[in-house]
Amino acid sequence: MLDGSRGGAGPGVPMVSIRGLRKSYGGHLVLDDVDLEVGAAEVVVIAGPSGSGKSTLCRCINRLEVPDSGEVTIGGQPVPLEGRQLARIRAEVGMVFQQFNLFAHRTVLENVALGPVKVLRQRPAQARQRAQELLDRVGVGAQAAKYPAQLSGGQQQRVAIARSLAMDPKVMLFDEPTSALDPEMINEVLDVMKSLARDGMTMIVVTHEMGFARSAADRVVFMDAGRIVEQAPPEQFFSAPRSQRAQDFLSKILIHS
Amino acid sequence: MSVLTQHLPQLLDGLLSTCLLMVLSFAGSLAIGVLVAAARVSPVRSLRAAATGYVELFQNIPLLVWLLLFVFALPEVGVIFPLFTTAVIVLALYEAAYMAEAIRSGINSVGRGQAEAARSLGLTTPQTLRHVVLPQALRSVVQPIGNVLIALTMNTSLAAAVGVVELTHAANEVNLAEAQPIPVFVGAGLAYMAVTLTIGLTTGLIERKVAIVR
């Protein structure tokens with residue numbers, strides 16, 4: 001089983017803390033003074049219209065995107081600006097991308113074992129065994145010897161999740177993990193994510209899947225125009241959104257459900 | 001034709017020398033080219049600048065000038081290598097600039113997401129290049145690298161101008177003795193062609209063999 005409850009932050013220290021994050025692209029403010037705290041084992045869904053800054057916020061947490069100002073801490077430690085220390089922190093933060101981004105020249109098994117071997121310095125045999133276990137767990141164990149392009153989108157995304165899990169992350173970031181999937185493959189990925197949430201993984205999930213937010217999230221964070229407009233437990237957010245923007249957003253996406 | 005068979009040992013020695021020049025300077029240029037290409041995409045500004053400077057320096061001064069500089073100018077300042085070694089060094093340095101550009105185009109063809117995924121796993125920038133980006137980049141530029149190798153093979157003949165006894169030099173000597181330029185130089189030309197056609201065929205085979213399943 002997964003050790004999803006792996007600590008790192010002491011009691012009372014949030015797993016992820018974001019303070020005063022700002023980011024602009026050529027004069028356009030994408031993140032406008034964002035503060036957010038995520039506790040250990042908490043599952044936070046970030047929702048909001050396109051261009052509201054959700055993905056940028058997610059990518060600023062492990063510094064794939066460099067914020068103009070503000071501070072991010074993981075388990076109480078500030079994320080270093082660059083270099084080896086930054087790489088070390090990134091190893092503790094799993095990330096799942098919209099486009100899967102599996103390494104195209106490596107087999108599925110090698111994709112999962114690469115990080116543990118190169119970053120955690122595990123022995124290859126040990127890393128491969130663990131990789132196979134993780135692939136079995138996300139239901140793609142039979143595909144271990146194939147190349148990513150030979151898998152369906154849903155299978156690729158589950159491999160990507162296994163690849164992140166292989167690093168035993170303290171927290172996992174999901175940047176629109178189902179947005180590039182055919183509809184019939186969305187659930188197989190969401191099911192894996194729900195089981196992670198149940199096992200106590202700290203998760204920050206940028207998604208348009210409001211069903212997932214309803215059933216798996218502890219808190220929904222609603223963003224618009226680079227700001228966090230409101231945040232609430234899912235029951236409250238979906239039944240009684242406080243802000244006009246959230247009401248508009250929900251009325252547009254929930255009209256058929 | 002008999003002029004070729006009469007001087008066959010001399011011409012074959014020349015051909016062997018040409019092939020040796022080619023293989024050694026290819027290995028050197030590939031190694032330097034990978035390093036220069038990696039430096040060109042480095043996050044470190046000074047490395048990028050140095051690599052750009054390198055490429056511009058070697059692409060904008062003719063190979064013959066480099067050969068003359070190394071063979072005649074370096075001894076003036078006390079740096080003396082055997083002639084053949086000097087030719088290998090110059091060819092490797094010169095072709096590395098073209099190699100680096102070919103490899104860089106391969107690096108640019110690897111999707112951004114590949115490097116992001118590697119970095120998010122905690123791989124350092126050098127590890128990301130080495131384990132994720134370069135293996136894919138090199139596979140996509142087998143053909144361009146083959147083209148640089150073909151150009152390099154042609155360029156080995158310039159070493160004759162500074163006295164390296166390779167195929168062109170050997171052919172020239174045979175012609176000076178026999179005064180039969182047509183069979184001698186046509187024969188030498190065909191030998192070059194055989195070498196480069198082989199390179200072209202091999203490149204095609206390698207390209208298919210290492211292709212990434214997409």
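Start at 1 and count along the chain as shown; that gives each residue its number.
Glycine is no exception: its Cβ is also placed from the backbone N, Cα and C atoms.
Note: TrEMBL annotation is automatic and uncurated.
Residues or ranges marked as domain 'ABC transmembrane type-1' by TrEMBL: B:15-203.
The transmembrane segment annotation in TrEMBL covers B:15-39 (among others).
Annotated transmembrane segment per TrEMBL: B:51-73 (among others), in sequence order.
The transmembrane segment annotation in TrEMBL covers B:79-97 (among others). Beyond its flanks by at least six residues, the transmembrane segment (B:79-97) meets 17, 21, 24-30, 32-33, 36, 54-55, 57-59, 63, 66-67, 70-71, 148, 151-152, 155-156, 159, 162-164 of its own chain at Cβ-Cβ distances under 8 Å.
The list of residues near the transmembrane segment (B:145-165) in space but at least 6 beyond its ends in sequence, with Cβ under 8 angstroms from a Cβ of it, reads 13-14, 17-18, 21-22, 25-26, 29-30, 63-64, 67-68, 71-72, 83-84, 86-87, 91, 94-95, 98-99, 102-103, 138, 172-173, 192, 195-196, 199-200, 202-203. If you look up TrEMBL, you'll see B:145-165 (among others) marked as transmembrane segment.
Beyond its flanks by at least six residues, the transmembrane segment (B:185-206) meets 4, 11, 14-15, 18-19, 22, 142-143, 145-146, 149-150, 153-154, 157, 167-168, 170-171, 175 of its own chain at Cβ-Cβ distances under 8 Å. Taken from TrEMBL, the feature transmembrane segment applies to B:185-206 (among others).
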Inset, instruction - Could you pull out which residues elsewhere in the chain have a CB under 8 Å from any CB of the transmembrane segment (B:51-73), counting only those six or more residues past its ends? - result: 36-37, 39-40, 42, 83, 86-87, 89-91, 93-94, 96-98, 100-101, 155, 158-159, 161-163
